[in-house]
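Feature annotations, reproduced from Swiss-Prot:
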TRANSMEM  4-24  transmembrane segment
TRANSMEM  26-46  transmembrane segment
TRANSMEM  68-88  transmembrane segment
TRANSMEM  93-113  transmembrane segment
Amino acid sequence: MEGIIICIKLGVVFLGTLFTWIFGAWDMPIVTLLVFIFLDYLTGVIKGCKSKELCSNIGLRGITKKGLILVVLLVAVMLDRLLDNGAWMFRTLIAYFYIMNEGISILENCAALGVPIPEFLRQALKQLNNKNNIK
């Protein structure tokens, strides 16, 4: 049993090190983005269960979308490394962009589940949705 626990710990350390090597430091934008990605997927699954629209294809599309967000983030990291100025400029901008998108989706999912959303957040959502629908 102790050997299994050690293997799990080593796996977690390996994944954390790999993630840090790929995406850079675990600063607040990265941590926030990862938390928002998880919360968006979780609230989406809960919403799908409640509306009885949950299926594996929709779940796979959601996981794929989340994975592609990390691909875009990796492109930004590589651009920052190419510039070699010691700052995470592109990575931080991309993280903020997806934090906003994931945050909006979390609020929409919560609203669909009947959670009251403060009016100022509702108005912000409406404005952002209107801007996104204009092509």
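For all residues, glycine too, the Cβ spot is worked out from N, Cα and C.
Through the fold, the transmembrane segment (93-113) approaches residues 29-30, 32-33, 36-37, 39-40, 43-44, 46-47, 50-51, 69, 72-73, 75-76, 121-122, 125, 128-129 of its own chain, all at least 6 residues removed from its boundaries and within a Cβ separation under 8 Å. Remote same-chain residues near the transmembrane segment (68-88) are listed as 22-25, 27, 29, 33, 37, 94-95, 98 (criterion: CB distance under 8 Å, separation of at least six residues from the stretch ends).
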